[in-house]
Amino acid sequence: MCKHVLNAQVSIRTACCRRWIDCIECHNEIADHPLLKTSELTLICKKCRKAFRIQFDQTMDESDEYCPNCDNHFVIDAITKVEKPKAPISPKLDLRMLNQEEKELEELLDETTRLG
C-alpha cells in the first residue's frame, strides 16, 4: 500500500530493479539508484490482481487508461496525504505556552483548562 498516493489503482514493475512499486516516491525510498524510465510498463491491477502491459507513446487513447481484464480506470488524479490544518489559537490561551515543547493546541488546552 502506497503512503504517497492514497488511491493507487495499479502496481508498477520497475525495469531497473524488477520490483513492484506503487509510485516513484516508493521506488526512491527503497532503491539506491534512479528509476529507469521505459515506454513499456508491466502493471498489476489492484482490483482484479491480474498483470498486463501497456505501451506509453504518442498514440495513447482513452481505452488505454483502463485495465484490459476488469475495466478498472487506473489513470486518475492522484489523492495524496493532506496535512491536518492546525486549530486557530484561542485569545484566552497564553501565547508563552505555545513554545513549550511545540505541543499541539489540543494538548495545551487540556492542560490549561484542568481544575485543581
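Positions of Cβ are set from backbone N, Cα and C atoms, glycine also.
Per Swiss-Prot, zinc finger is recorded for 1-72. Taken as a whole, the zinc finger (1-72) shows an average pLDDT of 85 in this prediction.
The Zn(2+) 1 binding site annotation in Swiss-Prot covers Cys2, His4, Cys23, Cys26 and rests on sequence analysis. Taking a C-beta cut-off of under 8 angstroms and a sequence separation of 6 or more, Cys2 (Zn(2+) 1 binding site) has the following same-chain neighbours: Ala8, Asp22, Cys23, Cys26.
As annotated by Swiss-Prot, Zn(2+) 2 binding site applies to Cys16, Cys17, His27, His33, with the evidence given as sequence analysis. For His33 (Zn(2+) 2 binding site), the count of additional Cβ atoms within 10 Å of its Cβ stands at 10 [all protein chains shown]. Classification of His33 (Zn(2+) 2 binding site) by DSSP places it in coil, neither helical nor stranded.
The Cβ of Cys70 (Zn(2+) 3 binding site) has 11 neighbouring Cβ atoms from other residues within 10 Å, across all protein chains displayed. DSSP classifies Cys70 (Zn(2+) 3 binding site) as coil under the three-state reduction. According to Swiss-Prot, the Zn(2+) 3 binding site annotation covers Cys45, Cys48, Cys67, Cys70, on the basis of sequence analysis.
The closest partner of Cys70 (Zn(2+) 3 binding site) among the binding-site residues, by CA position, is His4; the full candidate set was His4, Cys16, His33. Report note: the Zn(2+) 1 site is defined by Cys2, His4, Cys23, Cys26, and the residues of the same chain whose CB lies within 8 Å of the CB centroid of those residues, excluding them, are Lys3, Val5, Ala8, Ile21, Asp22, Ile24, Glu25. For Cys26 (Zn(2+) 1 binding site), other Cβ atoms within 10 Å of its Cβ number 21. The binding-site residues in question are Cys23, Cys45, Cys67, and the one with the fewest Cβ neighbours inside 10 Å is Cys23.
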